[in-house]
Amino acid sequence: MEHIVIIGNGIAGVTLAQHIRKKSDSKITIVSSETEFFFSRTALMYVFMGHMKWEHTQPYENDFWKKNKIELLQGLITAVVPNLKEIILENNTKLTYDKLVLATGSKPNKYGWPGQDLQGVTGLYHKRDLEALENWAPTTKRAVIVGGGLIGIELAEMLRSRNIAVTFLVREKSFWDGVLPFGESQMINRHILEHHIDLRLDTNMVEILSDEKGHARAIVTDKGETIECEIVGLTAGVSPNIDFLKDSGIELGKGVKVNRFLETNIKDIYAIGDCAEQHEAIDLRRPIEAVWYTGRMMGEALAQTLTGTRTAYKPGHWFNSAKFLDIEYQTYGWVWAAAKENEEHFYWEHQSGKKAIRISFDKKDRTFLGINTFGIRLRHEFFDKVLTNKETVDYVMKNLAKANFDPEFFKSHEKEIQKQFSSHFVGVNTI
Amino acid sequence: MSKSIKNISIASHENQDMDGIQKLGVTLGLLGLFIMTLALFNVSFPNKGLWLAGSIFAIFTGIIVYANRTYLNQPEGIKNNGIWHKDLTNRGSWAWMTGIILTSFYIVLYWYPQYLGLNQDGGKSTGIVGFFDPLSYILNGKPASQWFVYGTLYTIAILGLGYKFILKYRHNKYQLIRTISVMFFQLGFAFLIPEILEKLNPEKAYFTKDLKNMWPLNYYFFNDWNLKGMLEGGNLGLFMLFFGIAMIFIISPILTYFYGKRWYCSWVCGCGGLAETAGDSFRHLSNKTDTVWKIERWMIHSVLVFSFVMTIAVIFTFLSNNPEMSFITKDHFIWGIVAFLLVFTGALYLFKRKDLDKDAVFTMLSLVAIIIISLLINYFSGNQNILFIDSNSLREWYGFAIGAAFSGIVGVGFYPILGNRVWCRFGCPMAAILGLQQRLFSKFRITTNGGQCISCGNCSTYCEMGIDVRSYAQKGENIVRSSCVGCGICAAVCPRGVLKLENDTPAGRINSNEILLGNDVDLMDLINQK
């Protein structure tokens with residue numbers, strides 16, 4: 001019987017295993033050094049905040065794996081030997097495979113800051129990061145978070161939930177402004193301050209200072225300021241977790257190089273999820289996509305290949321979501337931080353300053369290109385169809401009510417949005 | 001919130017997190033309860049009316065002060081920080097103590113009301129029952145009973161903690177309107193109107209006057225004393241009888257078709273009202289495992305069969321003993337029931353065979369069991385004896401085991417241990433019937449938003465009915481479950497805007513996707529069309 005070994009029990013690896021099991025009887029082994037059972041990484045923050053217990057982060061009951069004949073092996077892999085078709089674990093046991101899938105995820109970026117390996121310094125990625133935070137939190141008065149992205153703001157929210165003062169260093173001039181256009185980014189800046197987080201824009205960390213026990217005691221910024229703190233959160237992005245593959249002969253770039261079929265340069269070895277790097281980016285996507293949804297989609301696609309239907313990874317229209325403290329964010333299609341030459345942006349913000357919508361469309365033919373929505377839930381299906389059918393921005397405006405996904409009785413803002421849109425973009429451009 | 005979560009000391013580390021104003025609120029509320037406790041121990045207050053008013057006022061003020069301070073000085077949003085760290089909401093010692101006190105209260109209330117001060121020989125009551133006399137005279141013109149005390153406290157709990165709930169979810173209009181609805185129905189329909197109607201009809205024997213309290217939740221609706229009370233209760237009595245029957249056969253099916261069972265369970269029902277307000281802090285304690293779902297199916301359907309058989313037996317005996325009060329004979333009655341259920345389950349089987357999930361299959365089998373038992377009753381029973389069991393004792397057992405022990409003692413007493421919907425999930429026969437309809441004949445569903453689910457598990461954690469919402473959401477599958485009461489909290493706590501309660505066309509309501517929206521369209525077509 002064919003043996004498929006999957007390294008990594010995150011969303012990509014687990015989705016793959018389940019979809020293989022639906023179509024085939026192959027022997028499936030998932031190897032992980034982090035936890036015995038699959039958990040939802042996106043839920044780590046909720047455990048720290050006391051919204052959930054650890055067990056709630058596990059989407060499947062513990063006997064699920066046995067029932068589905070998916071073998072789980074706990075251990076750290078130190079090397080892959082493609083010639084012998086085997087992998088070597090930390091304790092020198094070997095495991096042979098017929099097909100090997102690398103789904104090893106990411107690790108937090110560390111940019112060589114002095115003191116980055118001190119006690120009290122952590123990313124927010126692994127279960128062990130959570131455990132470390134749990135240990136340090138009781139004696140922490142202030143934490144400094146370095147890196148203004150999605151994980152940084154989650155970590156800030158977590159620490160604030162335990163009444164820990166938080167200083168948030170953001171390299172950019174405004175929060176996440178590489179992705180968010182000015183209006184949205186400003187809105188989130190304000191919301192961060194509303195939550196009593198000490199936001200420092202345009203500020204970098206230079207080094208982390210140690211106390212006599214090897215624990216972080218302060219950080220120094222590029223503005224020369226020293227900030228006393230007991231926890232330093234490093235949330236300046238992630239990169240593929242592939243160090244153990246260096247001598248394997250598998251082609252590596254920043255991640256594991258794969259083609260559209262998620263195949264590496266070596267036969268019978270594949271890579272999916274955060275650790276996979278496309279030779280050439282698909283559409284407007286990045287070559288490495290460290291997103292929950294893409295991990296899942298790669299798993300769904302590769303499962304077809306591994307069960308006999310060779311299938312390329314062809315993701316549909318881009319979408320993503322996040323939550324910035326109390327403000328939910330969804331995006332469908334592409335909205336760039338700055339409108340490209342052929343693009344026009346329409347931005348509406350509610351007077352409360354907590355709801356906003358931005359639509360990007362083509363200047364010439366008014367084709368809808370993408371939407372950012374804050375504090376208003378929108379229907380994925382609606383926008384997927386709009387993008388597929390290449391509808392115009394005017395179509396979207398007319399059908400805004402249909403796109404709404406807010407709970408019943410919520411105040412709708414469609415009229416206000418439509419009014420503002422027509423005063424800006426109808427008449428002017430069409431007459 | 002404390003930074004440490006290791007502290008489980010009984011000296012409430014939760015209190016350490018409260019500021020002065022929150023503490024003041026808690027103190028005021030406890031003071032109100034303390035005055036009532038003193039009354040319970042027969043401290044006689046000079047101006048009973050004033051003291052009673054004062055204690056109720058203190059409770060409300062305490063809750064308002066606490067809730068305002070807790071929720072209004074922070075931005076709107078989900079307020080679940082520290083839920084699993086706090087002793088009271090994570091089955092710690094405070095939780096057990098609260099559970100034990102509530103449970104003891106229910107035991108005394110149902111079986112030893114004399115300890116609450118009720119004078120069962122018709123004389124003047126003392127204790128907390130006597131303490132409530134002034135209010136009872138105002139409302140219904142009679143001295144208070146233990147049930148009046150209970151009804152008042154119940155209403156205070158729903159109103160006070162409903163206010164707290166509204167502040168907690170003030171960003172969510174669905175929660176706001178729904179909570180105002182349960183507060184309104186409790187105060188008006190369950191409390192004030194019945195008491196005032198009682199006052200207006202002092203000479204008539206007691207019968208149920210809570211319009212919204214439907215059979216089979218209201219299990220004594222067809223008991224002989226209630227039937228007699230209604231039949232002899234003039235226009236009001238007849239109205240209650242007809243309205244009660246119309247609720248069961250006309251109003252409820254129509255509303256459930258359009259809105260799902262939530263119109264009742266989380267908008268109108270008193271049990272649901274208490275669970276959603278006073279019980280909100282315990283909603284996450286419901287068990288989500290498959291095993292418990294199995295237990296749920298067995299239990300709720302056993303109660304369903306029990307309640308039907310009890311009711312049929314009681315009506316059967318009533319008709320045998322009082323043929324002059326009804327134009328229906330007991331033969332008509334039994335055959336009527338059998339015919340109705342046969343047509344009903346037959347039609348279900350014919351048209352809905354494919355849509356039946358396990359819950360629905362269990363409900364159908366329960367109905368078939370009821371048909372068989374009804375027939376047996378007709379052929380093997382005397383006037384009083386139903387299948388060799390006395391119908392009165394069947395009724396009493398139901399009242400004891402289900403009405404008191406299950407819905408009260410376990411249902412509410414165990415809030416802090418098992419969660420706030422134990423009765424609704426495992427015991428309520430009304431919920432079982434509405435659930436069958438919700439599953440098969442309703443426009444209601446919880447829609448999932450394409451591929452946006454991140455499997456975080458907030459929805460499942462905060463589902464009071466123990467539904468593993470995530471297991472559907474992460475497959476992009478609508479949630480169409482018998483037990484869902486439509487409280488809307490899953491949609492509220494979802495950090496990615498994936499869930500939405502909707503009433504829409506029944507077609508395509510039950511869907512299932514292996515590949516979620518957002519992936520390769522050809523792949524979706526290939527895999528999902530199978």
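Cβ from N, Cα, C; glycine included.
Predicted automatically and left uncurated, TrEMBL annotations should be read as such.
Straight from TrEMBL, the features:
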TRANSMEM  B:21-43  transmembrane segment
TRANSMEM  B:49-72  transmembrane segment
TRANSMEM  B:93-112  transmembrane segment
TRANSMEM  B:147-167  transmembrane segment
TRANSMEM  B:179-197  transmembrane segment
TRANSMEM  B:236-258  transmembrane segment
TRANSMEM  B:298-320  transmembrane segment
TRANSMEM  B:332-351  transmembrane segment
TRANSMEM  B:360-377  transmembrane segment
TRANSMEM  B:397-418  transmembrane segment
DOMAIN    B:444-472  domain '4Fe-4S ferredoxin-type'
DOMAIN    B:475-504  domain '4Fe-4S ferredoxin-type'
**OP:** May I ask you to check whether the transmembrane segment (B:147-167) and the transmembrane segment (B:49-72) make contact, with contact taken as at least three Cβ pairs under 8 Å and only pairs 6 or more apart in sequence counted?
**Re:** yes
**OP:** Mind checking which residues of the chain, 6+ beyond the ends of the transmembrane segment (B:360-377), have their Cβ under 8 Å from one of its Cβ atoms?
**Re:** 297-298, 301, 304-305, 308-309, 312-313, 316, 334, 337-338, 341-342, 344-345, 348-349, 352, 386-387, 432-433, 435-436, 439-440, 482
Subject >> Close approaches to the domain '4Fe-4S ferredoxin-type' (B:475-504) from elsewhere in its chain (Cβ under 8 angstroms; 6 or more beyond its ends) >> reply: 78, 80, 169, 172, 174-175, 178, 258-262, 265-266, 272, 276, 283, 296, 357, 359-360, 363, 421, 424-425, 431-432, 435-436, 438-439, 443-454, 456, 458-467, 469, 510-514, 516-517
Subject >> Touch test for the transmembrane segment (B:93-112) and the transmembrane segment (B:397-418), at least 3 Cβ pairs under 8 Å >> reply: yes
Subject >> Confidence summary (mean pLDDT) of the domain '4Fe-4S ferredoxin-type' (B:444-472) >> reply: 97
